[in-house]
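According to TrEMBL, the protein carries these features:
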type     : residues : note
DOMAIN   : 98-340   : domain 'DUF7703'
REGION   : 1-34     : region 'Disordered'
REGION   : 355-383  : region 'Disordered'
TRANSMEM : 99-118   : transmembrane segment
TRANSMEM : 130-151  : transmembrane segment
TRANSMEM : 163-183  : transmembrane segment
TRANSMEM : 195-221  : transmembrane segment
TRANSMEM : 241-260  : transmembrane segment
TRANSMEM : 281-301  : transmembrane segment
Amino acid sequence: MGRDVQDPTSTFHVKGDGRLMASPVPSSRSSPVPPVSIKFSDQGEVSFSASGSLVLSLRFQCPVRAPHTRHHHPHAHILPMASTNDDYGRDPSIPANEVLAIVSFLAIAFYNVIELNVMLLATFRNRRSLYFWSFVVAIWGIAVWSLGFLLKNFRLTSSSLLYSIFIASGWCAMVTGQSLVLYSRLHLLVYRRAVLRAVLGMIIFNAVTQHIPTMIVGFGANSADPMRWVRVYPYFEKVNVSVFFAQEMVISAIYVIYTTRWLRSDGAVLSQETGKMLRHLIWINLVIVVLDITVLALEFAGHYDMQTAYKGMAYSIKLKLEFQILNDLVRITKASAYNTSRFETGTLVHTTEPAVREVEDAQRDTPREEVQQTRKDLEGRQT
């Protein structure tokens, strides 16, 4: 709502769009004067117009903010952020406390990306598997996504197309890549092909139906004519965040369910260390769900800038957790294969050839000393 300010000669009215309207009070001693419109620009420009025609334009060295864009923080005008929560990345700045949080989230995400690359290259000798390459895609997706928002939010480039490409490509790689990381190790617990195919089909379907429309709207929202796209982008954003949250919930639930069944079935023959690893797997999946819930909460609370920075950090943390626990899962299934007992649909079955092949594949990613130690432990338990 606007406010009226009276002085002896004019009536000033501040409109909701930031314009200051000055209407002179009619006087019998003077001829009627047309109303004057004063408009503030976020680029530091003040325009004076009368009867629709520009009368005077002034440009200042420091930004002159319209009333509806000013912030209470005394140093808000020097923070080079480019977005508010209401217009999804278009004009002007956000509060200083949110800027500090955003910078911290982005810094943690970049640090985790560097650490994950070192861990990945130091651990894997077999670099032809789906697990390895989906991990690489997910890691670099986080880096590209975070870099895109760094360029956009801090105005490090004037090209909206450049940071839009970074954000869109990084988002696809980060989100779908992480789901493929979980899927690539799911066969170690689940031996029903129908379940595995259903999970893969869900990942592909969600990638096509969510990534493509959201990228189109996202590029439109950062184009030269963004208004019609900006209005619908928040709805697309909320839908895809919800869909990918549900997708990771389903995959995590499958891990928890089948791990619990394995513990109940093989509990008598599992070593104490193996049982501890399986319980650790359950807790890791619960932590992943909690991280997904926080991303969802920030999105629906309207903290778009905070959510986008936090998402990169959250996905990097999830990848670190998954890297550790999924490698432990390889060692667990390797031990189970040497015992020739496998779990499927609630019953113990004996397998030989498939189990041995999986163990041989796992050994390529496992140091030789660990393989020898595992064999000694198994021989000791059998005697």
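Every residue, even glycine, has its Cβ placed from backbone N, Cα and C.
Tertiary neighbourhood of the transmembrane segment (99-118): same-chain residues 79, 81, 135, 139-140, 142-143, 146, 149-150, 153, 305-306, 309-310, 312-313, 315-317, 319-320, 323, selected by CB-CB distance under 8 Å and a gap of 6+ residues from either end. If you look at the transmembrane segment (241-260) against the transmembrane segment (130-151), you find fewer than three C-beta pairs under 8 angstroms, all six or more positions apart, and that falls short of contact. Taking the domain 'DUF7703' (98-340) as a whole, pLDDT averages 87 in the prediction.
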